[in-house]
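A single structure is presented below for examination.
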Amino acid sequence: MSGVGEILKAVGDFGRFQKCLVLLSVIPCLSVAFHQFCQLFMVPRVPYHCDTSWIRAVGPNLTEEEQLNLTLPRGADGQLEQCSMYSPVDWDLDSILAYGLNDTQKCSNGWVYPSGQPPSLLTEFDLVCDKKDLNDIAQAIYMAGLLLGSMIFGPLSDRIGRRPVILISIFLQGLFGLGIAFVPHFYVYMAFRCVVGATVSGITMTILALATEWIGVSSRPKAVLTSHCCFAIGQMILAGLSYGIRNWRLLEIAGSVPIFTFFFFIRVLPESARWLVTKGRVEEAKKLLQKAAATNKRSLPPELLEQLKPEKEVKSASLLDLFRKRHLQKVTLIMSCAWFVNSFVYYGLSLNVTNFGLDIYLTQLAFGAVEIPARVGCIFTLQRFGRRKTQAVLLVLSGLVCLAITGIPEDQPVATTVLATIGKFAASASFSTSYVYAAELFPTVVR
């Protein structure tokens, strides 16, 4: 890298300049945690049934219980059906009471939810019966946004720089996150969530790359895992925020607005000196390195800075570069497999927080809290045992826990939640290892 590594050693591996950079990642990490899991609390499970108010025209004095018994069929378990109703008829009330109703149909006039229920995605957009799968589809579209974001913002950060991509991603996340609170239709909600998902990739990937390129090898795990702890704290804040704010639109506003405070620190965010050198912008890199050294109260010898030479021809990297060289090809395939397993286990547990049988707010709080010792412990295990051994053990442990969960009876939610929390611990630590490991294995131009 034309001497950048040697100069960074003189600047300081993890001085005040690098610590400020890590501190800047706190706000985006909190926001990312909110958007990753907020939808879980916007679709609460509430009782509902078809709107059968048509019978009020012939029986205005019927009690609610009488109305439901006359107009809703019962299932095999004796409970009133939620997605079907008796077809309306032009009879008087006496005839209905005498002969009863037999023909059934799907709900034709919407659904009725408990009175006093705060607005939620489920009640406002009727995500029940035939439309209940839209909730899972919306989450899948958000995850597709993460994929699109990695494909768009990764190459873009190599082309225009880390700093512009971070700022663009943060602005778009705040804008579309806030816009979600005012959407008139669920399909618009899904489209906006896809964009927010893309910005999450833009923020997490680019901040990771920027921090890795400024911080020395020995301190990179500490820096990356510190930002991951902030992500865990964000999950804990989400549990409290969603418990206190049950209106989904207000919750979205409360979680989206804070990201804009990042722009108060816009002048402090540096570009990557390594990236500047790869683009031949050596003079800008020198100024940044001098600024970093001054912030760390270090001095840079002039002869050391002279090692930075502009590259005559800088070739832009592409996704194909990961597969052109045999070594990179092997690293890419192995790390892709590790990331797939990490994502499958981590999100498989995290997005099922409503299905473990205990209070979802306490479960979310526990899931966030357990990530902190997982991330912090990772700092020491990576330094003691290395990246490869740590990654292997954590992946195996998280997989074994998931297998064990399948053997727990449904009437034991405590045991299921405890095992899921252990699995979340292992998956979180493994995820952090993946971030550190991948960032160190790939060269700057393809990172």
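Cβ from N, Cα, C; glycine included.
Sharing the feature lines straight out of TrEMBL:
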TRANSMEM  21-42  transmembrane segment
DOMAIN    95-447  domain 'Major facilitator superfamily (MFS) profile'
TRANSMEM  137-153  transmembrane segment
TRANSMEM  165-184  transmembrane segment
TRANSMEM  190-211  transmembrane segment
TRANSMEM  223-245  transmembrane segment
TRANSMEM  251-269  transmembrane segment
TRANSMEM  331-349  transmembrane segment
TRANSMEM  361-380  transmembrane segment
TRANSMEM  392-408  transmembrane segment
TRANSMEM  414-438  transmembrane segment
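Can you tell me where each of these features sits in the structure?
Through the fold, the transmembrane segment (190-211) approaches residues 18, 21-22, 25, 28, 31-32, 35-36, 39, 134, 137-138, 141-150, 152-154, 156-157, 162-163, 165-166, 168-170, 172-173, 176-177, 179-180, 183, 220, 223-224, 227, 270, 272, 435, 439, 447 of its own chain, all at least 6 residues removed from its boundaries and within a Cβ separation under 8 Å.
Proximity of distant same-chain residues to the transmembrane segment (251-269), defined by a Cβ-Cβ separation under 8 Å and at least 6 residues beyond the stretch ends, is recorded for 20-21, 24, 27-28, 30-31, 34-35, 38, 41-42, 163, 166-167, 170-171, 173-174, 177-178, 180-181, 238, 241-242, 245.
Away from its own ends, the transmembrane segment (331-349) comes close to residues 143, 322-323, 367, 391, 395, 398-399, 402, 420, 423-424, 426-428, 430-431, 434, 437-438, 441-442 of its chain (Cβ-Cβ under 8 Å, at least six residues beyond either end).
Counting same-chain residues at least six beyond the ends of the transmembrane segment (361-380), those with a Cβ under 8 angstroms from any Cβ of the stretch are 33, 37, 40-41, 221-222, 225, 228-229, 231-240, 242-243, 349-350, 353, 390, 417, 420-421, 424-426, 428-429, 432-433.
Listed as Cβ neighbours of the transmembrane segment (392-408) (distance under 8 Å, sequence separation of 6 or more from its ends, same chain) are residues 338, 341-342, 345, 348-349, 415-416, 419-420, 422-423, 426-427, 429-430, 433.
Through the fold, the transmembrane segment (414-438) approaches residues 208, 220-221, 224-225, 228, 232, 335, 338-339, 342, 345-346, 349-350, 352, 356-358, 363, 366-367, 370-371, 373-375, 377-378, 381-382, 387-388, 390-391, 394-395, 397-398, 401-402, 404-405, 408 of its own chain, all at least 6 residues removed from its boundaries and within a Cβ separation under 8 Å.
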With a Cβ cut-off under 8 Å, give me the same-chain residues at least six positions beyond the ends of the transmembrane segment (223-245) that come close to it.
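Residues packing against the transmembrane segment (223-245) from afar: 14, 18, 21-22, 25-26, 29-34, 36-38, 41, 207-208, 211-212, 215, 251, 254-255, 361-362, 364-365, 367-369, 371-372, 374-376, 378-379, 428, 431-432, 435-436, 439.
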Could you tell me the mean pLDDT over the domain 'Major facilitator superfamily (MFS) profile' (95-447), as a whole number?
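87, rounded to a whole number.
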